[in-house]
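Notes follow the structure.
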């Protein structure tokens with residue numbers, strides 16, 4: 001097996017991990033699954049030799065986990081500076097800056113936005129990644145980000161319609177425990 005096909009295999013694994021990410025209405029589960037996906041796709045990009053994308057994806061994974069604990073603007077600024085610095089230091093072609101831009105805007109969204117607004121900004125970020133992945137020849141990366149674009153776009157429309165009907169799509173229903181079901 002060549003390094004190229006190993007990289008593509010890791011990309012397909014990332015595809016399988018990430019395919020259901022945007023169906024999560026629970027933001028904690030959404031962020032955890034997004035973090036795992038980001039780490040695996042980061043390995044994929046390093047194996048392909050697209051280092052700005054690999055570094056951006058690994059920073060995405062770490063950043064997404066950290067947003068579960070804090071929404072500090074200082075922490076956000078650190079991730080934005082790291083992403084921009086690493087991306088600018090390693091890029092060789094202008095298209096390699098798209099994942100850096102996508103990571104910066106999604107960092108802002110994860111720290112400063114919630115619900116539908118966060119998902120809309122994430123959709124824009126996904127557009128940046130789709131263009132990059134196609135350019136880089138990433139089969140799994142293009143498949144997953146293209147799927148993210150479609151699924152997140154459809155879910156944005158679905159959640160927006162729910163809000164128009166007065167339903168909070170991000171309110172997670174709690175199942176009653178066995179103790180509560182006596183009766």
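Cβ coordinates are placed from backbone N, Cα and C, and glycine is handled just like the others.
Membrane topology from Swiss-Prot places residue 28 together with residue 158 on one side. Listed stretches 39-59, 72-92, 93-113, 134-154 were compared with the transmembrane segment (3-23); the greatest number of C-beta pairs under 8 angstroms is found for 134-154. Broken down by DSSP into helix, strand and coil, the topological domain 'Periplasmic' (114-133) contains 19 helix, 0 strand, 1 coil.
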